[in-house]
Structure formats: structure tokens, C-alpha cells
Amino acid sequence: MALNQQVFKTRALTAVIFVVVMLSGLLINQWTFALLFFIIHWGCWTEFDQLLKKIYPDYGKADPRMTSLPRLIGSGFLIFCLPHHYALFGVELYYIGALIMIIGTVKFISLWIRAGALQKVTAKGAVLGLVYISLSWGLMIHLRFCDFLDYPLGWVIALTMVGSVWTNDTMQYVVGSLIGKTPFSSISPNKTLEGTIGGSLICIIVITAIGYYFVEKELWLMFLIVSAVTAVIGTLGDLLESKLKRMAGVKDSGNFMPGHGGFLDRFDSLILATPFVVAIVTCWPRLGLI
């Protein structure tokens, strides 16, 4: 696959913008990070709904409340994952998020009980979005604010994941364009085995090397594993989203980023990798490695 310089320039420019925006959200303050991922959450949900309407035409005919309530419940989960001491007009956001989830769930169940067979089938797609999209972004917000042992490293780990995704995506494209010959998967014809392996290895090496110099030495191994998991699971996330697009008969999930498609196209890797990384961070102290 020959390297298309114009496409590469477009992808590189938008990738840099992506990193700048993500860094701003991560580093300015907690509110910019939360706002950033609320926007990403909403964008991913919007595109997911559009894909489902193409995959299952009856999805668009379903009761709008049945398909929109899971998105509302997911938004409540994101609010719920904010630190408990964050408040709005004197009310802790934790309780607001919990209330939204409870009310949304009760209403959804009441609609489900009265719904017909077709409504229930279509509503399952929206519930899938709750697990696929909202769970991951809620956990990402939780990760941003967590303290690891005595280190406030949640934001560093989140930054590491963003850097891993950017490095992995870019290097897979570069390596695949230069030496890629063997198709990696029929789901994503443009991916090559050489590009996938080469990009993932470069990602792991680069991110781990940076972590070696900038984090506590006892946490270096964890950063190696985080970069590896993000690269490998992130690639699977990309294939999963490619499968959804193929089922829907579209090339991109959206067009908000030139050269990268829509929200799901840009964040598919993070969506799938985030739960695994959060599990690693949560279990790390129990592994006795530090």
C-alpha cells in the first residue's frame, strides 16, 4: 500500500489537533476533562444511533423514549463517576448522577414491560450502546480522578492511553503504508499485518521509554502494560467499529475529523481499551509487584 502524502498530511494535522484538544482536557482542570468526555460521549452515541438505524431499519421506528433513555442513563453514569465532593449549587454531582440513572432505569423498565416484541428487539441496540459507549467513558472519567497508592496518577494514565492510541494509529498507518503487504483482517481491508504489528511495537517502545523517565520506577512496569493493552485492545476496538460500519454499509461513522471520520472512528480504540486499563490499575496493588 503506497504512502499517500496528502492523506498522511491531513491525518497528521487532525491527529495533532486531537492530541492538543485531549491534552487541554486532561491538563487544564477537572472541568475541561469532564466536559470534553461528555461531548465525546454524546458524539459517539449520536453516531452509534445512526449506525443502528442503517443496520436495523426498524430501529428508527421504535419509541424514541426506548432508544433515548439508555443515552440519558449513560450520561447519568458519567456524572456519577465524578469525584463525590464535586457539587453544583450545593448538591453533590454524585447524587445527581445517581438520581438520573435511577429515574431513567425505572422509566425504561416500565416502557419495556408494556412494549411489543419489535420495540424490545430495537431497544436492545440502545442498551448495547450503554455498555459499549457509556461504560467506557464513565470509567475514563473515574480514571482521571483516581489516586494510585500515594500518587495522583489518574490523569497521567489517561494521558498515556491517549498518547498510546495516537502513536499506535499513526505508526500502524506509516508502517503499513511503507511495508504492508499481508491483509490483517477482511473486516478492515486497509489494515495490514505488518502495519498492525509494527505500529503496536513502536507504540509500546515509545510510550514505555517516556514512562521510564517521567514516572516513579516502581510504576514503570505498569505503564509498559498499559501501553501494550491500549495498543492491542485498541486495535480490536478499531476492528469492532469497522465491523459495525460494514454492517451499516458506510465508510466512516461520521465526518467531524478530516482524514479520521467521526467520533467512533477516532475513539473506537479508547472505548474498548479503557475498561481493561481501569481493571489493571484497580488490581495492580493486589498483584504485589510494588
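Any Cβ shown, glycine's included, is placed from N, Cα and C.
Automatic prediction, not curation, is the source of TrEMBL annotations.
Pulled from TrEMBL, these are the features on record:
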| type | residues | note |
| --- | --- | --- |
| TRANSMEM | 12-45 | transmembrane segment |
| TRANSMEM | 93-113 | transmembrane segment |
| TRANSMEM | 125-143 | transmembrane segment |
| TRANSMEM | 196-214 | transmembrane segment |
| TRANSMEM | 220-240 | transmembrane segment |
| TRANSMEM | 267-287 | transmembrane segment |
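Here the transmembrane segment (125-143) sits against the transmembrane segment (267-287); at least 3 CB pairs are under 8 Å, leaving out pairs fewer than 6 apart in sequence. Non-local neighbours of the transmembrane segment (93-113) in the same chain are 63, 65-66, 69-70, 72-73, 75-84, 86-87, 120, 123; each lies 6+ residues outside the stretch with a CB under 8 Å from one of its CB atoms. Counting same-chain residues at least six beyond the ends of the transmembrane segment (12-45), those with a Cβ under 8 angstroms from any Cβ of the stretch are 71, 74-75, 78, 82-83, 86, 129, 133-134, 137, 140-141, 144-145, 155, 158-159, 162-163, 166, 169-170, 254, 256-260, 262-264, 266-267, 271.
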